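K.L.:
This is the structure I want to talk about, given as structure tokens.
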Amino acid sequence: MNDNIKLTEQEIIRREKLKKYESLGIKTFKKFDHEKINIYSNEIVEKYNHFSKDELLEKQIKLIIAGRILTQRGPFIVIQDTNGKIQLYVDKKELEEQKETLALLDIGDIIYVKGTLMKTMKGELTIKVNFFDLLTKGLTPLAEKYHGLVDVEERYRKRYLDLISNPNIKEIFWTRTKVISKIRKFFDEQNFMEVETPMLHSILGGANARPFKTYHNSLSSSFNLRIATELPLKKLLVGGIDRVYEIGRIFRNEGIDTTHNPEFTSIEFYQAYSNLEIMMEQTENLIKFIAKELGLSKIKNHDVEIDLLADFKKINMVDAVSEATKVDFRNIDLDKAIEVAGRYKVKVEKYFKVGHIINELFELLIEKTLIQPTFVTGHPIEISPLAATSEDERFTERAELFINTKEYANMFTELNDPLDQRRRFEAQLEEKESGNEEASEIDESFLSALEYGLPPAGGCGIGIDRLVMLLTEKESIREVILFPTLKKKQV
């Protein structure tokens, strides 16, 4: 043992118990070599709770279960498995051969149990233990009273303890699993192909974001961790896969707050022979499908009720900003736009054009008003380098879905003109040279693919973490990511 490790009194006692187990010839960290478990705690309640005490006594139902000890009170022990808790009853007289090991058990130990199902005088389902075995010894005590882990930072840092101490946390991640499963079901039933595309990209593209950089020694080449899956997925449309989607991790080297984590999970889907209207329809149908499958029609944000099954609203970005500022942003020059931005204390970067200012004012004035599901359309071309233009070529066929003031989805009629796409990339490169670190680079391999012909298409990206936040009514993205990114702990 490292002499520099300071142990608490409880930790010392538990290590002394290890020696006692050793003296009894019992391994404390063993391989599983028993008859396999045949039930989980929640199944016990579902299958047998309707039986009376006398009926259970007559049936003599034999069960095998395993779990972590949460409490010990006299002859009663409560264990927790993956699906819940169950009470055990230990009659020391019937376990005479195991009395020494029984006395060495601690809260936090993981045990294997064979027993007979019964009900107590109070009617609580309980397993009367016929045999038990210690599978794993807990050397560090759980938080006091097994629900004392309340420090938020510590909960995220030690998620394994959070899951033990706060059973409701596990429900969040079951919901997350179900959401991803329902997304797959939605697209699989429409004959979309699920694919996997590279995480290492030599050229930035698919979004405006700062990347994480890495280096491949064998290739002597620098790479970026992907900031989106868009460009390789659109290459697959060129290749004749007309309906395609990817669920995967995205990495963006940006700030951390309640809605942003540097690595997150997204779903991007692309459909040939479609457009923005079809993408909005698909997105609305997807969210309603998930809500129905999970039995959720309405969710609450503090005192506001959000109806996920009502028709989603639509507003135009430029019209909304014009109405809020009382300035016609469809007919305005850059100098006037800068003047209006100044009124609202918007910082104007040197690469800004009118479209950038419209977007900044939208984020400042409009986003906070979007509570019910709302599609925002008509984004300026300056902030939409991959979207097709609308009839007014200053704006694009793009939409974002906002719910409860947050963006949940981003969708386009995809730009399939390789010549226009090159001009857009070149404009992005000029922005990068003027200080926009998030601007896209010129991806020659993507342009080459477009020159073979990208069919008219629509595409959409949805942040799964935020969607789970919405459906579980959580305020922070860290609550729905098992191991969120945290600052290094100061020792």
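Glycine too: its Cβ is placed from the backbone N, Cα and C atoms.
Pasting the relevant annotations from Swiss-Prot:
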type	residues	note
BINDING	Glu400, Glu407	Mg(2+) 1 binding site
BINDING	Glu407	Mg(2+) 2 binding site
K.L.:
What is the number of other Cβ atoms found within 10 Å of the Cβ of Glu400 (Mg(2+) 1 binding site)?
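P.N.:
The Cβ of Glu400 (Mg(2+) 1 binding site) has 18 Cβ neighbours within 10 Å.
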K.L.:
Under 8 Å Cβ-Cβ from Glu407 (Mg(2+) 1 binding site), six or more apart in the same chain: what's there?
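P.N.:
Expected: Glu367, Glu400, Leu401, Gly463, Arg466.
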K.L.:
According to DSSP, does Glu400 (Mg(2+) 1 binding site) sit in a helix, a strand, or coil?
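P.N.:
The residue in question, Glu400 (Mg(2+) 1 binding site), is strand (DSSP, three-state).
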